[in-house]
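Pulled from TrEMBL:
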type: ACT_SITE; residues: Cys257; note: active site, nucleophile
type: BINDING; residues: Asp151, Asp184, Asp202; note: S-adenosyl-L-methionine binding site
type: DOMAIN; residues: 147-330; note: domain 'SAM-dependent MTase RsmB/NOP-type'
Amino acid sequence: MAALTLRGVRELLKRVDFATVPRRHRHKKKWAATEPKFPAVRLALQYFDMTYSVQFGDLWPSIRVSLLSEQKYGALVNNFAAWDHVNAKLEQLSAKDFVNKAISHWELQSEGGESAAPSPASWACSPNLRCFTFARGDVSRFPPANLAANDLSTSRVARLQKILHSYVPQEIRDKNRVRVTSWDGRKWGELEGDTYDRVLVDVPCTTDRHSLHEEENNIFKRSRKKERQILPVLQMQLLAAGLLATKPGGHVVYSTCSLSHLQNEYVVQGAIELLANQYSIQVQVEDLTHFRRLFMDTFCFFSSCQVGELVIPNLMANFGPMYFCKMRRLT
């Protein structure tokens, strides 16, 4: 009986044409792991709709459509090149040097007694700083520049070294006045405590605009959920380390490209409280109202920041988001 059964199975197998069996019936594809149901950019938009609609209220629809539109840029002139030629070319495109224009306007107002000017130390800019952009509502774009770059490594440090090599004069590089390291930023205060006069803490964040447009390296991927959730903790650790690395009397600028107050004001307030409680170090947030007034014709500022300033996207001036807060270490 067993022999008859075995013979019957063999005959059946001979008649089956395996080539016609669909692959999906022979192999169960792991849909959840290989093909996410929702792309990360869509998850980012859903998250922003839930959180930022509460944070910004009636402003959110305008910010939302601006985030989803093409961003506006400024052109910072490289003073190590033929800057006078570049200036003339940008002016021919009807671009304006908004930094010097804003400062000139502010000085005229101060001379006329129309506004109380802040102390020179708080707003003075280098006369060599030239940054061009187009007027509000002008959606023109800068023409592409000729750029030769050679990147032999994928690491950020190697890329930064290449950029510095391209833009920093050789005589400065030869004097070892530029240094690039790859330490853990959270330990910077321990390694370089009380060392620097000025520190820029540009932290990892949700990069809101990037998260709405690019799948690559998108922090809203499901696999990066935990990383995204602990961002404010990491940001506060990095800011605290930057403040510890600053000399008493020195300044720190904290910056993100996120709209989230959890990553902006709350991080600043948390780091200041941490240094006061654990290190007895006093830090003072500096008032940047004068900065907002200087550039209010170029950027759109959010008026309800508790500390620092937030540039919000707007279709008429589609920069940002950019958050920045300037602090002075007192002790």
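In case you wondered, yes, glycine gets a Cβ from its N, Cα and C as well.
In TrEMBL, annotation is done automatically, which means it is predicted and not curated.
The model shown is predicted, which means the values in this text are computed figures rather than measured ones.
Positions of TrEMBL features highlighted on the structure.
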| residue | record | contacts (Cβ under 8 Å, 6+ apart) |
| --- | --- | --- |
| Asp184 | S-adenosyl-L-methionine binding site | none |
| Asp202 | S-adenosyl-L-methionine binding site | Ser255, Thr256 |
| Cys257 | active site, nucleophile | Cys205, Thr207, Asp208, Arg209, His210, Gly320, Pro321, Met322, Tyr323 |
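If you take every residue in the domain 'SAM-dependent MTase RsmB/NOP-type' (147-330) and average the pLDDT, you get 87.
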